[in-house]
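Engineer: Mind looking over this structure? Questions follow.
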């Protein structure tokens, strides 16, 4: 027996499943056998007594879960951090455990009343005493970890639980002697699994399969080379034996009904202390402020969910609800993260939702100077599509050239900020790093949920369940907006792929160009080639556009077209020479509509007009979309995503594709101001032209007054 190891237990005199506070209790209320529970507890008690000293705390009537002493607190040396139970059903246990600790000479530390921490159920010392593994996500809060590190003077490693079946750390994680670890990886998020793998070498990690995990194999008591646990598989026993451990199985089925096993029924009150281990915690906290229709537009819920989904924790410090229907609300929220890296990721996404630091916190953003052309500092802030302001010389400065996936370069005299692509960074540029001192300016979503309505519409169409009537309704709205934009002198840009030509949409797109609904055309080599092929030879990719069947030798048509245009020197020259007499490119030339054809590695030819320098093509695209009010994206995922990344917030984007994944992909890239239409692009253009023709009178602002 190990005389230096003491374990606290509590007899199950009043044990029963009286309520449901975890998934294991569901369906088991009052279905536990008191007789079998006592029998199983006594067997566990006897098994532990053979290898350690067992102390007992007297059970209190009315608190059936007091038998699970692992949740009494966390002990190191003469100090104990008392538990703050998450559920009211267990909060009455706290004074009984506190009394026992004080009677036995421990110094008791108590967390704030509203900060849950459930003791050694969510905090497990490395068996070598090197650090403390601390769980959070269901019962314990991340913000409790700095207190624990301070009071127990130890390093705390935070792990986030994501499977509600494993609501406490000790249900899926068991540090073993010799630096080994018994655990169930799917119970943790990706970041926590990386942390575990960085701390524990592969040969020391013993992974538990789900069959053993749900039988609480990880909820085991380890005393030196002995592991006391519920019944487990032969495979797991062999793994443990290979690592040098002796497994002692004892059935604990009655306690599984309440979501506990061997470890839950025990609390080790003698933990190893290393003199060179001191308080260390990587947790970082920041306060953010949000304003707007936080509740009815779902902004606050979205922000809080974002924090949790990214391994963080939060506490709402202050919330002021708007008193009128049109009033805005405000909130101050403290956000905590297990590391600086995670905090930066969370803050980057919160900024996109309009979160800002309290005004008194920051005067200037952090910057680093570029030392190598075309290379940003490691921690540079990546811009988004939303209008952005940054703090320069203690004032908010509007960022110019707003677009996605760029760095922000600032100057102090005069104060300015602009988005710059990585390749355009110059030595000496001051680039913003981190996420402090930045905010996005987003339009306030009304209580009517205007933006949300569009998002729902987008999701409905992208789900692939739209009817033809639904498409027609969307086309009517799009046509009306296009008419307004044209008649008010606005700008509409079209990004189109060759499918427009293949589906018979060339005549309709030509009509839009001719009638002044297109002010710039973006695409690739293919749309121009097949448009000219259709205009001059009546085929597209060798298919007769009238009969819909391939023609003999049609597979060579596009190469003949490329060769002919190259002979003339370009598309404009071919139009002027009369070789091209109709089609999309013809109308662009005749109506002086600028276009850019961006090349790719698969292009045949290419046409002389095709820009094969990708950097120059991107720059030209960016120039042509400046000042756009609407962008039509017609069956070209690659070009559409590229354009979406260059487009600032506020520009209406209409994505048309037969594949729902394309419009979803566009949304995932951050192009949230989008309307998705899942339909054949040729049909869409036909409906659009018909609807525009029905709007016979020019839109006039005067007529509405």
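For all residues, glycine too, the Cβ spot is worked out from N, Cα and C.
Annotations for this protein, taken from Swiss-Prot, read as follows:
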BINDING   22, 71, 90, 139, 168, 170, 258, 264  L-arginine binding site
BINDING   22, 71, 90, 139, 168, 258, 264  L-ornithine binding site
SITE      71  site 'Key determinant for dihydrolase activity'
ACT_SITE  168  active site, proton donor/acceptor
ACT_SITE  264  active site, nucleophile
Engineer: Near the L-ornithine site, what residues other than 22, 71, 90, 139, 168, 258, 264 in the same chain have a C-beta no further than 8 Å from the centroid of the listed C-beta atoms?
Structural biologist: 21, 65, 68, 70, 118, 121, 167, 259, 260
Engineer: With L-ornithine as the bound species and 22, 71, 90, 139, 168, 258, 264 as its recorded binding residues, calculate the greatest Cα-Cα distance and give it in Å as a whole number.
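Structural biologist: The widest Cα-Cα gap among those binding residues is 15 Å.
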Engineer: Can you see whether DSSP assigns residue 168 (L-arginine binding site) to helix, strand or coil?
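Structural biologist: In the DSSP reduction, residue 168 (L-arginine binding site) maps to coil.
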Engineer: Which of the three DSSP states, helix, strand or coil, fits residue 139 (L-arginine binding site)?
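Structural biologist: For residue 139 (L-arginine binding site) - judged by DSSP and reduced to three states - the answer is coil.
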Engineer: Mind giving me a neighbour count for residue 264 (L-arginine binding site)? Other Cβ atoms within 10 Å of its Cβ, every protein chain shown.
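Structural biologist: The answer is 26 other Cβ atoms.
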Engineer: Here are the binding-site residues: 22, 71. Which has the lowest count of other Cβ atoms within 10 Å?
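Structural biologist: Relative to the other binding-site residues in 22, 71, 22 has the fewest Cβ atoms within 10 Å.
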Engineer: Which has the fewest other CB atoms in a 10 Å radius around its CB: 90, 139, 168, the listed binding-site residues?
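Structural biologist: Result for the binding-site residues 90, 139, 168: minimum number of other Cβ atoms within 10 Å at 90.
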Engineer: Under 8 Å between C-beta atoms and at least six apart in sequence, can you list the same-chain neighbours of residue 258 (L-arginine binding site), or say none if there are none?
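Structural biologist: Correct list: 15, 17, 22, 24, 25, 28, 32, 64, 65, 68.
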Engineer: How many other Cβ atoms sit within 10 Å of the Cβ of residue 170 (L-arginine binding site)?
Structural biologist: 30
